[in-house]
Structures are given as C-alpha cells and as structure tokens.
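Engineer: My structure is below; once you've seen it, I'll send some questions.
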Amino acid sequence: MKIIVQKFGGTSVKDDKGRKLALGHIKEAISEGYKVVVVVSAMGRKGDPYATDSLLGLLYGDQSAISPREQDLLLSCGETISSVVFTSMLLDNGVKAAALTGAQAGFLTNDQHTNAKIIEMKPERLFSVLANHDAVVVAGFQGATEKGDTTTIGRGGSDTSAAALGAAVDAEYIDIFTDVEGVMTADPRVVENAKPLPVVTYTEICNLAYQGAKVISPRAVEIAMQAKVPIRVRSTYSNDKGTLVTSHHSSKVGSDVFERLITGIAHVKDVTQFKVPAKIGQYNVQTEVFKAMANAGISVDFFNITPSEIVYTVAGNKTETAQRILMDMGYDPMVTRNCAKVSAVGAGIMGVPGVTSKIVSALSEKEIPILQSADSHTTIWVLVHEADMVPAVNALHEVFELSK
C-alpha cells in the first residue's frame, strides 16, 4: 500500500474555498496511486468559532478552576469537528473517506494534559480503515492515555500528528500545507524579496523553526528525521511541490551538504535581556539564578556567563516576573526590554571562517548595535533592539545573497 500523509492547517480548512483547494491536492494524490492519510487542524484561527483559542476562550478567565484533563476534552473538539466536516466534503465530491479521532488512529500519549507526549503509535485500525477507503481524515493535535482520557499534544500539534502518522505508516511523503510556497529564506512579511527554498535539511528546518520561523513545528521535523520520512512544505493555493525537507540537499546520496553557506534568516521579537552582576565573592550566580527561573516556569535563552555577570533573555511576557524574582534574591539586574533575536541558519557555516565577521559588518553598516551574540555549528544569533529587527533581517538576507 503506497501511503502519503497530507496535513491541512486551520486557514486551509476554515471555509469551503480552502477545503475545495485541499480536495484538489487529495484527488491528485489518489490519482497517483496513493492512499491518503489526511490530518486536519481546527477550523480557522482565534475569533473563528471552532478554532482552538476560541474554544479556550469559552472558559471563565485565565484562572478557571477546570482541570487540564477537562481542558483537553474541550480543546480536542475543534479538530474532531473539522475532521467530520472535511470528511463530509470528501464524500460529497466522490472520495471514499472516513474520519477517525486521534485516539482511534492510534495515538497513545502520556497524561501530561494540554502538552502530552506521544509514547506509542498503534495504527492497526488506521490500516484497516485505509484498506477500504481512498482517504482517512484524522483529527490532529489529539490522542489518548492508556486509561482512555483524551489528551492534546501542544502548539503545533497537528504538524506533530502528521509526522507521527507518517512514521507509523511508513509514508512516502508527509505533506504540510500552509499559506506560503514552502520554506522561505526569511519571513516574506519582513523581507519582500524572500525566496522559497527547493530543498532544506532536517537540521536546518529544525533550527529555523526553533529560531522563530513558524512554517512547521520542530517536534514534527524531529519525528520525521528519526523515521527518515521526507517532508514537503507546500502551499494549499498552488500545485507546486514546495520545499523538500530531507537528510541532504542533493538527490545524490552521500553528497556534501555544505554547498550553501546560509539557508535562511529567522527572528523572534518581544524578547527581554537581563544582565545580572555577581555578588562580591559569589561564584555560582548562574546556578542560583537559573534554578529560580526554572522553578517559576520561565524559559531562559541566549545566555552568556562570565566571572562577573550572567546575561540571558526571556520572553517579553515573563519580564516582570523574572525581574521581581531577581530583586527578591538581592540582585540588581540591568533590564533591556523590546529586543529581538535574529538568527542566520545554515549547515554550511560549520568551520567556515569569516561568517560572524560578515554578520557584524553588515549590521554595523546599517548602524545596528549588537546587544549580544552566540553561535553553534549551524546557527549564529544576534540580539538587537526590536526597532532594528526588520533592517537587521534584511541586512543579513542581503549580505548572504539569499534572494538570488
């Protein structure tokens, strides 16, 4: 049985126009001899009646007494409704289709409600239904515990659902349909001449996603990479095959992946930088501070440690809490709000001299101050003022000639 997984997000399934475009992609796959496992998100975005955020808004405020287990019962409804509506549309258009919930499709998760982890896939029922249908529509974002409690698997969960299904059924491709032409060299809303990339590696797309590119969930990429199932990031509104995400840039197995220096530029805004000076005679400031942040549920990013101070960033909405904790501990932090993290990602930078110099020079020419920097084997990050984010992203996109 030749299987393809196709995932359609909220904007693709929110109305009849989007669903009909999705229908075209499904029929094309069927005509190519595939059985199609369709994964759908809830219909629309916040403000639309069945979107996840809209359902969450039905609860009585942020401090609702409802348990996470009960929240999952509510949150999973959006995808369940979407799967049935989508299946009805397929049937009305001559596609032999059936709908399954995440649990029915074999998603077994732990009991970490609202952010559950998939611990096993049991696709036997899915295979059975697929044998007698052209397409099976699976509600994304959801699963169930061994006790049968409904769970949801966190933000980006429908991407993760598609990847887990692709791995479980040994799909030829996992198609992630979005509203753009594939993985872009930068956010096209920030860089007008951003270009779609024909091929990226799993590592590159993971890094782009973790650094702010919202085209696909990094959890989904990690699952597909482990199973060695290629992903295609495609546009719902086009017949183009989009961006292929695989283990290497070239179709030639064993070829070098370093022919492209920088793959893309990503960014994250609304970041706050903290500089925490060490107390006199104190040598473990980072241990004390990071432990306090973790205990408060604050994720620490982009940190540098010196004998005299530690520097790190937090999400903007955690600023007040983080500052209060530090002051209660007797520290007097220097706080810089309204920052942005700009990242240059590419497998080709590993061991190549001059890349950081090129970034520094490009930003200096635009008179953009760098507040902090760091690097890894495949990514170089800089922290800038948020007001400088757009010119910084454009400067790096230009200096690495990503529009060519």
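Yeah, the Cβs are placed from backbone N, Cα and C, and that goes for glycine too.
Feature list, courtesy of Swiss-Prot:
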- Lys7, Phe8, Gly9, Gly10, Ser41, Thr178, Asp179, Met184, Thr185, Ala186, Asp187, Pro188, Arg189: ATP binding site (BINDING)
- 25-30, 52-54, Glu79, 130-131, 155-158, 299-301, 355-356, 369-370, 376-377: substrate binding site (BINDING)
- 344-404: domain 'ACT' (DOMAIN)
- Lys7: site 'Contribution to the catalysis' (SITE)
- Glu79: site 'Contribution to the catalysis' (SITE)
Engineer: Using C-alpha positions only, work out which of the binding-site residues Gly9, Asp179, Thr185, Asp187, Arg189 is nearest to Ser54 (substrate binding site).
Structural biologist: Gly9
Engineer: Quick check: of the binding-site residues listed here (His25, Ala29, Arg155), which one has the Cα closest to that of Lys7 (ATP binding site)?
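Structural biologist: Ranked by Cα distance from Lys7 (ATP binding site), first place goes to His25.
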Engineer: Rounding to the nearest whole angstrom, report the longest C-alpha distance spanning Lys7, Phe8, Gly9, Gly10, Ser41, Thr178, Asp179, Met184, Thr185, Ala186, Asp187, Pro188, Arg189, listed for ATP.
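Structural biologist: So the maximum pairwise Cα distance among the ATP binders is 26 Å.
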Engineer: Looking only at Glu79, Asp179, Asp187, which of these recorded positions has the biggest number of Cβ atoms within 10 Å around its Cβ?
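Structural biologist: When each Cβ's neighbours within 10 Å are tallied, Glu79 leads.
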Engineer: I'm trying to understand the geometry here, so how far is the Cα atom of Thr356 (substrate binding site) from the Cα atom of Gly9 (ATP binding site), in Å to the nearest whole number?
Structural biologist: 37
Engineer: Among all chains shown, work out which of the binding-site residues Ser299, Thr356 has the most CB atoms within 10 A of its CB.
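Structural biologist: Ranked by Cβ atoms within 10 Å, first place goes to Thr356.
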Engineer: So what's the average pLDDT for the domain 'ACT' (344-404)?
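Structural biologist: Mean pLDDT across the domain 'ACT' (344-404) comes out at 93.
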